[in-house]
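Read through the structure below, which is laid out as structure tokens, and then see the notes.
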Amino acid sequence: MIKVNDLEIPTLDDISFSGNKLLVRIDINSPVDPKTGKLIDDSRIKAYNETIKELVNKGNSLVLISHQGRPGDSDFISLEEHAELLSKYLDMNVEFVEDVMGPYARERIKNMKSGEVILLDNVRFVSEELIEAPPTQHAKSYLVKRLSPLFDGYVNDAFATAHRSQASIVGFPMVLKSTAGRVMEKEVSALAKIFNADEFPKVFVLGGGKVLDSIRIIENLVKRRLADRILTGGLIAELFAVAKGLDLGKENMQILEKKGLISLIPRARKILLSGGPIEIPVDFKVEKEEGKVAEEPSNKVTGVIKDIGSTTVGIYSSFIKDAKVIVMRGPMGVIEDERFREGSKKLLDSALESQGYLIIGGGHMISMLGGSSEINPSKVHVSTGGGALLLFLAGERLPALEALDLSYKEVVKKK
Ligand SMILES: Nc1ncnc2c1ncn2[C@@H]1O[C@H](COP(=O)(O)OP(=O)(O)OP(=O)(O)O)[C@@H](O)[C@H]1O
Ligand SMILES: O=C(O)[C@H](O)COP(=O)(O)O
């Protein structure tokens, strides 16, 4: 059993599935090249080998289910390429089923033979999946009602989606015998051990584009006084810069507005006023007319912000080098463009060189590790999680873990 605070979560050692048909929730949501629509990192796809092989070796047949991106975004794509990569890394056939809960998927699941593995299409193609609701409500969703009668059990290995109260995460545990998979088990146990409250300074390097999530994370970190410094990059840095009163120019303000981030300025301001240890870049790397790249001080920005500037890299690196624990999630800039990778790359190098323990998460930052074999596992934890990782470290209760705990009490023990 995994014990987190008052929760008790069964693992594959507590509920042994063999010869069963299982629904396995994984998170293979990966960064996508917006130009080609192809995946640019496969670390999350490789992560589930142990869980899948263990379950297949016990004669189970597996239906893998995952999301990819969010509707409206360029990474909201089908899982066909993911299935090819799963087949390659598992060295077994993972059949892609271009359906989630329709008659074709249900018929294929009914006819599965022992040891077979299939991957359903992007679960967020089903609109219900996008609703954040309690487990009891999701247990009544069409997704759960249509799929659950076809299975003997449910395994949740999607640590990276553990912070979402969505149907494929919290609905199935209410009606099926459920456990955590090996990835979930390892992440939760390792992180609970690594993140020692007595070790400081703790430096968080937070960038990327999921600003609403990051604000929530930062509020938690500040409230619980868990971070000695929070070094901001990406769109989060822009939001805090504006909240501090810096004029980032018309174009950057339009970008923030288009992304619906202006309404978050008061929350960012409140964090700053409450004494949150937020560091804001002193300079940015920007793109100007005709694709010209320049560095500009934060109080004199004229171009479109695409990365942190070199003075900021120097300052942030010195904080990182002195840290005992470094947590990194989300890139400092638009790393899909080679010209704007430098900020993230240099901070990552400083973290790897530092004496501190590095916890790194989020698809984009992990892709910067490039599958490096030189990573010392006693000094670095590469998490499959992004937002889930940060919220777990910030002490928030994760719906996926709560649902597995509840399932054990209500579905397993009462039977
Ligand atoms: N200044 C910026 N302006 C616009 N986009 C930015 C900027 N800086 C970073 N980004 C974008 O942020 C995206 C990555 O952010 P995201 O929050 O998804 O991080 P992540 O590490 O992939 O986390 P997760 O795996 O949890 O989704 C990249 O596509 C990158 O181009
Ligand atoms: O990348 C992540 O953080 C997870 O896959 C969850 O994705 P989401 O933020 O779109 O819910």
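Glycine residues also receive a Cβ, built from the backbone N, Cα and C atoms like all the rest.
Curation does not apply to TrEMBL; its annotations are automatic.
Since this is a predicted model, take the numbers as computed values, not measurements.
What TrEMBL records for the ATP site is Gly362, Gly363, His364, Met365, and among Glu336, Glu396, Glu402 the residue it adds there is Glu336. Record check: TrEMBL places Asp27, Ile28, Asn29, Arg44, His67, Gln68, Gly69, Arg70, Arg124 at the substrate site, and the matching candidate among Arg164, Arg182, Arg216, Arg224 is Arg164. Checking the binding-site residues Arg44, Arg164, His364, Met365 against ligand 2 with a 6 Å cutoff on the Cβ atom leaves Arg164, in sequence order. Proximity of the binding-site residues Asn29, Arg164, His364 to ligand 1, judged by a Cβ distance under 6 angstroms to any of its atoms, singles out His364 in sequence order. Listed in chain order, the extra residues whose Cβ falls within 8 Å of the Cβ center of the substrate site residues Asp27, Ile28, Asn29, Arg44, His67, Gln68, Gly69, Arg70, Arg124, Arg164 are Ser66, Asn122, Thr161.
In this structure, the C-alpha atom of His364 (ATP binding site) lies 21 angstrom from that of Arg124 (substrate binding site).
Recorded residues Arg164 ((2R)-3-phosphoglycerate binding site) and Arg124 (substrate binding site) have their alpha carbons 12 Å apart, per Cα-Cα distance. Of Asp27, Asn29, His67, Gly69, Arg124, all annotated as binding-site residues, the residue with the shortest Cα distance to Gly363 (ATP binding site) is Asn29.
Cα spacing between Arg44 ((2R)-3-phosphoglycerate binding site) and Asp27 (substrate binding site): 7 Å, rounded to the nearest whole number.
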